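S.K.: As annotated in TrEMBL:
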COILED    51-128  coiled coil
TRANSMEM  402-431  transmembrane segment
TRANSMEM  451-470  transmembrane segment
TRANSMEM  540-558  transmembrane segment
TRANSMEM  573-593  transmembrane segment
TRANSMEM  605-625  transmembrane segment
TRANSMEM  645-664  transmembrane segment
TRANSMEM  766-791  transmembrane segment
Amino acid sequence: MGSLFRSEEMSLCQLFLQSEAAYACVSELGELGLVQFRDLNPDVNAFQRKFVNEVRRCDEMERKLRYLEKEIKKDGIPMLDTGESPEAPQPREMIDLEATFEKLENELREVNQNAEALKRNYLELTELKHILRKTQVFFDEMADSHREEEQVNLLGEEGIRAGGAGAQGQNLKLGFVAGVILRERLPAFERMLWRACRGNVFLRQAMIEDPLEDPSNGDKVYKSVFIIFFQGDQLKTRVKKICEGFRATLYPCPEAPTDRREMAMGVMTRIEDLHTVLGQTQDHRHRVLVAAAKNLKNWFVKVRKIKAIYHTLNLFNLDVTQKCLIAECWVPLLDFETIQIALRRGTERSGSSVPPILNRMETFEDPPTYNRTNKFTHAFQALINAYGVASYREMNPAPYTIITFPFLFAVMFGDLGHGTIMALFGLWMVLKEKPLAAKKSDNEIWNIFFGGRYIIFLMGVFSMYTGFVYNDIFSKSLNVFGSAWSTNYNTSTVMSNKALQLNPKGMDYAQTPYPFGLDPVWQVAPLNKIIFQNAYKMKISIIFGVIHMLFGVFVGLFNHRYFKNKMAIYCEFIPQVIFLVFLFFYMTLLMFIKWVKYSASATDVVYSEGCAPSILITFINMVLFKAPDKNTGDCLPYMFAGQSGLQKFLVVVALLCVPWMLLAKPILIMRGRKEAAVSVCIETLDDSGTQAGQQPAQQQGGGHGHDNEEMSEIFIHQGIHTIEYVLGSVSHTASYLRLWALSLAHAQLAEVLWNMVLQNGLKQDGWIGGIALWAVFAFWAVLTVGILVLMEGLSAFLHTLRLHWVEFQSKFYAGLGYAFQPFSFEVILESSSSSSED
């Protein structure tokens, strides 16, 4: 938990491994997941590294496994997943795995090829069967009395007479071809025949009712049988070319009925034999895939671990003797001994007698940022990292966000009913997280919800709390403690007076506040309820905003103190705090003073409701050095004695902080450089030039990280930061008014849904009213969940995210680091499985 506040201390180490023990040691480090290796061969091509052949072998094995996985999924066979992760196999086991995968792939490909050939033969025989059946009808029609009429239509009467004379009275013989074609191509096929043959062919077609299976891809296709009658070899050649162009399949069809019957019987016999052989082939294929499905997940894990190990070994260097591998890596200091134990364990597994050596190195590089998280804090840390990864050892906003994020969300989403729905949904995901995590849904929206389950649960719980404070549940109020107005505002008064207004001046109010939250009687005062809630929520929004920003500035103090940057403390932190406190925190104090000193029922006229000055007008007059308007009667222009002089003092000091922030740091840097240059000159004269090569920053450290910058750049940089902070303090304070605006909008939307939807169902009587209430409630519930919980919840979430990223984190958080990415089998397998699913 300590690393949540500040990232872990990291160290750059050099690792020496014997060649025979390197594989086992890297495997142990991968299981541990605490070491980030650096590439010591950045200029070496990936295909020229030492273990590129092993990586290629792993790629080939992974390709074969993906082929097996595709075939298994095609047959709908469940794959066994025990949830366990087997250890990375030894290098010598790669040969056995390759042989196993090669055998399975070859066997499966051979079975698939045989099955495809059998299916293709089966398809041809099935099409031939339909041709023999369908063409029998065509030939029967040609044999009846309509044949002469068809010939007339085909060749014309003169052709028949001429043909009859030339053939010496013999019957005219027509040639024909028969085949099958895809049903969607048939209209275009018929038009092409008519145009190409100029109407001198006769086409008959009939649909095949049952779909046929395409052997190449297994899709179901619909085809039609056709037979084309023609005369002459020229038309025959033309017809066959057209059939070939439309990919129609032609089959031999005897002209004699007896020959057709004999062929049909032979076709049926062959189809039955093929059906039996196909069933046996499918059974054999199924058995092979079932056996592979039992081990496929483990095989994937083993191959990916081997590949990851060799890919990591390619980052190492070889020493001169070619017997030792050298690596550089970032490791957390707290896990230094754990890593050494893992290295010794890997050496023992490999049987090597030379222990590995892990040495710490001195470096000027910025280490990676590593924040340890658990399943609860991971989601909050992800919110911070989405803005930017913290710089090394920079203060981490995540632990504070755990409280402030759901609280500020709840200020905008404050409703006991809606908060309960959200909290129950988050609680359900928390309690069922193991089975839900095991499902690994492909729905990206669901994965986002599940990843933020603890955030959703806390947002719901905090919304329930603020709902109690607002006394708001589905736009209605709870009367738990009784109303302070109940003496005079009884039930008959409330129900009969549609334009009820609450006046705390008179005797109607008992002068005792509601024990917790808002009095429920405000719910039935439509005329001045919104005015009261508007003033109340606006003021608490400013109060929360100023406190939140001040907290962010004070968190930045811990950054300055940790890095021993005294210049930032005196030149940035102190004037920033003074500027924010003397102007905006003073404004929040005026709100509390106004709440305490002024009352509607005050006996002293000076502190009555009518004499209470406006906080906004007072603050504007304070900044403009303008005296307040003279009040009439006994009202005092100020809230307390000496307020005018105090306000002038606060504004003057706050304005002096602006040049303080703008000029102090650049001037100190300039003085530090001059002093460093003078000291270098003195040492050069005293030591006869032996110290001339030293830099000023090495002697005095006066640059404070700005030694390589020009003074003009430092002034510009500091000016930008000063303007950003001064103007940002005003705009950021106003930005917190979104807490007030969204809270009022949420309450008004809930009230609209109640009055315009659910209330109509409650007005009906009798059994018809029960049915109407059931339908209206269902409609109201859908709108409540869809609009008020989901859409309004998303809106409040995004506004809360902006308040943390911009208004809060900008006060102390740079986010210019880079994340610690250790070599971890768990991360590699998770990313590989997600990419394979996509």
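For all residues, glycine too, the Cβ spot is worked out from N, Cα and C.
Unlike curated entries, TrEMBL annotations are predicted automatically.
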S.K.: Test the contact criterion for the transmembrane segment (451-470) and the transmembrane segment (402-431): 3 or more CB pairs under 8 Å, pairs 6 or more apart in sequence, then answer yes or no.
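M.R.: Result for the transmembrane segment (451-470) with the transmembrane segment (402-431) is yes.
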S.K.: Does the chain bring the transmembrane segment (573-593) near the transmembrane segment (645-664), so that three or more CB pairs sit under 8 Å (pairs 6 or more apart in sequence)?
M.R.: yes
S.K.: Can you work out whether the transmembrane segment (605-625) touches the transmembrane segment (645-664), with the criterion being 3+ CB pairs under 8 Å where the paired residues are 6 or more apart along the chain?
M.R.: yes
S.K.: Six or more residues beyond either end and a Cβ under 8 Å away: which residues meet both conditions relative to the transmembrane segment (402-431)?
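M.R.: 377, 380, 383, 449-450, 453-470, 472-475, 478, 540-541, 544, 548, 738-739, 742-743, 746-747, 750, 784-785, 788-789, 792-793, 796-797, 799-800, 803-804, 808.
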